[in-house]
Structure formats: C-alpha cells, structure tokens
Amino acid sequence: MQRHADSTQAGDGPEAEQDEGPLLAQQTSFRTGLCSARCGLALVLHVSLFMAYALRVGLSIAIVAMTNSSSPHGSAGITPNGSHRGFARGAPVYNWSAETQGIVLSSFFYGYGLTQALGGYCSGRVGGKHVLGSGLLLTSVLTLLVPQAADLGVSFLIGLQVLLGLAEGVIFPAQYTLWAKWAPPLERSRLMNIADAGCTFGTFCALLVAGIICQSLGWPFVFYIFGGVGCAWCLCWFLLVYEDPAHHPWISAGEREYIVLSLAHQGSSHGRSLPLVAMAKSLPLWAIAIACFCTDWLFYMLLTSMPTFMSDVLHFDLTENGLLSALPYVGNGLGHILAGLLADFLLARRVFGTAAVRKLFSALGMLLPAVCLVAVPYIGCSSTAAVVLLTLALTIISMTGAGININHIDIAPSWWHCKLRSKTEA
C-alpha cells in the first residue's frame, strides 16, 4: 500500500499498477460488440454531444449572416437587398464590428469555464444522467432565445451566451462520471472516443447545414431548428440512459458482471468532500490541466473563428464557408474513432503500457497540429492549402482523445480509492 501511494504521488501510480499486468488479467472477457449496453451508451452519448456542439457552433456560422458592418442601415433591420427583417432573406442585419463579434463569440466560454468543476461534483452527487440531460435541455431552450436576444441588443446576446456556457459546461464532466461506471479499462479509449466523435460530427453538420438555413430561411431559423431538435432529443436521453449497469433493466447478467469486475479495483471516484490541497499539489493533475488548456486553445479557437477566417480572409461565400469550415471536422471525427481503437489495441496487446499510450497520443496530438497551424500564415491566400492544413490539424489533434482527454479518468478513481484506504488504515 505504501509503495502504491508513493508512486501515485509521483504521478505514475495507476499507470504503474496497470502496466504490471493486463488490466483485466484473468477476469471474464465478456464481449457483445454493438449489441452491448455500454456500446449503446456510447452511441446515445455520441448523439447527445452531436447536439451539444451543433447548438454551440450555430452562432459561429450564423454571425456571418447576422453582421454587415458595411451596411448603412446596421441594426435598423433592412438587408442590403431592401427586404424586411424576420423572414428568409429579410432577417435582421447588425452593424457589429469585428471586435464586437469576437466578444460575442468568446462570451460563451466565460460561463463555460465556471461550471466544469461544479458539473463534475454535482454529477458525483446526483448522477451524470440527470446533470448531463438537464444541461443539454437548458442549452436547447436558451438557444431558442438567441434571435430575440440579438434583437434586444448585443449586451443581451452576450449575456445569453454566458448563460449558454454555464448550461453546457456541465455536460463533459457528467459524461466522465457516467464512463467511470460504465467503461472497462481496456475499452475506455474506444467507447469514449466514439462518444466524443459526436462533437466533431455535430460541428460538421451544424456548419454545413447552418449556411444553407441562413440563405434559404434566414439566420434566426438556425437557432429555432437546432434548439427544437435539441429539446426533442433530451426526451430520448432521459428515457434511454441509466446511471450504471446495476440500474439498467435490459443489460445481460454477463455484461453486468464483466463491467463490475473490470472496474472493481478502482473503487469510488466521488466523496462528500474534495481534497483541494492534495489536488493542488498533484503534479499529474497539473500536467493534464495544462495539456488540456493548450489543446482546447487550438481546438476552440478554430471552432469559433474558422467561419470568419473563411469569409474575411479566403473570401468564400456563405454556402462555401459552411462546407469548407465543416470539412476539417470530418477528419477529426474519424480520427477520434480510429485513435480510440488503436489505443485500446496497443493496451490489449501490451505493446505499450497505459502511461506510454497516453503520453504518445497526447504528444503527437499536440505537436503535429501546432506545426500545421503555424504554417497557415506562410502560404498566403491559397485556399486549397489553408483548408488542407486546417483539416490535417483538426484530424491529428483527435489523437489527444486517447491521451489527455481520458487520462484523468485513469488516475482519478484509483487516486480516490488509495486515499480512502489510507484513511481507513490510519
């Protein structure tokens, strides 16, 4: 016990424990493929994250249609072709500067960062199903109000974006709480990456469809359609998802036993109090946090700014903008799935240990996209080269889905279990 505690403090305890032998050793190797309850959860989460990101990025493409800084009418509500606002091409046009647009797009993250830790703690207390479903439902309802907020003024829209960030900030922590109860260690990468691929496919479809909606129906319908579909999906979420295998009514006894046995060594990942001092001193925690910050900086910068870059720098029209802005996310979604399969393959065959796999995928997933992004300013206004580099960057960054994006689940349950056992023995 002392040896394990020391190695955990040094940052490689869970990995070292897992590297000493197969994670599931001689336990049952129950597999049911696509018919398993855990795979069903991955698919439901895939659609849920698809919806969450579609709701998130709708404004990124719609703001191109919402703004026309060269229009003399500005926020008066008349488009350059003289039609009235509110319907199809007569939707309102606002005279917002590039700086104002940047503030509007970034205001989402003011709220998003505030509910990450709170979402994780609440998920541990009341369950990830309820927290994630409530966050997604509130996000969908607030999305329906975006056109009205924009009509009231940019300050109202910024405030609504902050509220959207607060609502959506609980979704990812709640997802991790569910996977801590559902994902066997040797299947963790593939299951989580199948779910996470919904983020990028949702982004792809939203950017592609939003441009078409803006030109055919008017930009307000982007929010009405996306918000309405999101509300409908939340009903499916609450009906289809169960908190853990023990409460699932249709899971087979074999699969339930397999999941429970595979996760037995990890103990519980939640408690009534948080060891904040110990967490602040944890080098592995800081390493994961800093790496996630750097990766998300690149990913979300592209997520919010790529449509504007396509419009203002590469001069694509609205339909082309949506298509080309969405293209890199096809590679990212497929990359997530392939990275998860490859990581689990390397772990199952014991080619690398858990720590080595997480470090390798994290390093490649951060370094190579950075090189691609740095190269973009040096290619001039070559639209083909820019799209290729951005597609490569977002495809390769998906490797972090099998690295730092999962690493905290590798260490958190075991860390808690070690602390609880230490207190008991004391």
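Each Cβ is built from the backbone N, Cα and C atoms, and glycine gets one as well.
What TrEMBL lists as region 'Disordered' is 1-20.
Same-chain neighbours of the transmembrane segment (41-65): 91, 93, 101, 104-105, 108, 132, 136, 139-140, 143, 146, 161, 164, 168, 171, 175, 178, 182, 191-192, 194-203, 205-207, 210-211, 214-215, 218-219, 222-223, 226-227, 229-230, 233, 236-237, 240-241, 303-308, 311, 318, 321-322, 325, counting only residues six or more beyond its ends whose CB sits under 8 Å from a CB of the stretch. TrEMBL lists 41-65 (among others) with the feature transmembrane segment.
Feature annotation from TrEMBL assigns domain 'Major facilitator superfamily (MFS) profile' to 41-426.
Feature annotation from TrEMBL assigns transmembrane segment to 103-124 (among others).
Outside the transmembrane segment (131-150), and at least 6 residues removed from its termini, the chain residues within Cβ reach (under 8 Å) are 48, 51-52, 55, 58-59, 66, 92, 94, 119, 122-123, 156-157, 159-160, 163-164, 167-171, 173-175, 177-178, 219-220, 223-224, 226-231, 233-234, 237-238, 241. What TrEMBL lists as transmembrane segment is 131-150 (among others).
According to TrEMBL, the transmembrane segment annotation covers 156-179 (among others).
Away from its own ends, the transmembrane segment (191-213) comes close to residues 38-39, 41-43, 45-55, 57-58, 60-62, 175, 179, 182-183, 219, 221-222, 225-226, 303, 307, 318-319, 321-323, 325-327, 329-330, 332-334, 336-337, 339-341, 394, 398, 401-402, 405-406, 409 of its chain (Cβ-Cβ under 8 Å, at least six residues beyond either end). Feature annotation from TrEMBL assigns transmembrane segment to 191-213 (among others).
Marked as transmembrane segment by TrEMBL: 219-242 (among others).
Sequence annotations record features per position, and here TrEMBL assigns transmembrane segment to 283-303 (among others).
Residues of the same chain lying 6 or more positions beyond the ends of the transmembrane segment (323-348) and with a Cβ under 8 Å from any Cβ of it are 22-23, 60-61, 185-194, 196-201, 203-208, 211, 302, 306-307, 310, 314, 316, 354, 357, 361, 365, 383, 387, 390-399, 401-402. Residues or ranges marked as transmembrane segment by TrEMBL: 323-348 (among others).
TrEMBL lists 360-379 (among others) with the feature transmembrane segment. With a cut-off of 8 Å between Cβ atoms, the residues of this chain six or more beyond the transmembrane segment (360-379) that come close are 291, 294-295, 298, 339, 343, 352, 385-386, 389-390, 392-394, 396-404, 407.
Same-chain neighbours of the transmembrane segment (385-406): 188-189, 192-193, 196, 200, 288, 291-292, 295, 298-299, 302, 306, 314, 324, 327-336, 339-340, 342-343, 357-366, 368-369, 372-373, 375-376, 379, counting only residues six or more beyond its ends whose CB sits under 8 Å from a CB of the stretch. If you look up TrEMBL, you'll see 385-406 (among others) marked as transmembrane segment.
Outside the transmembrane segment (103-124) by six or more residues, the chain places 56, 59-60, 63, 96, 131-132, 135, 154, 157-159, 161-174, 176-178, 269-271, 274, 300, 304-305 with a CB less than 8 A from a CB of the stretch.
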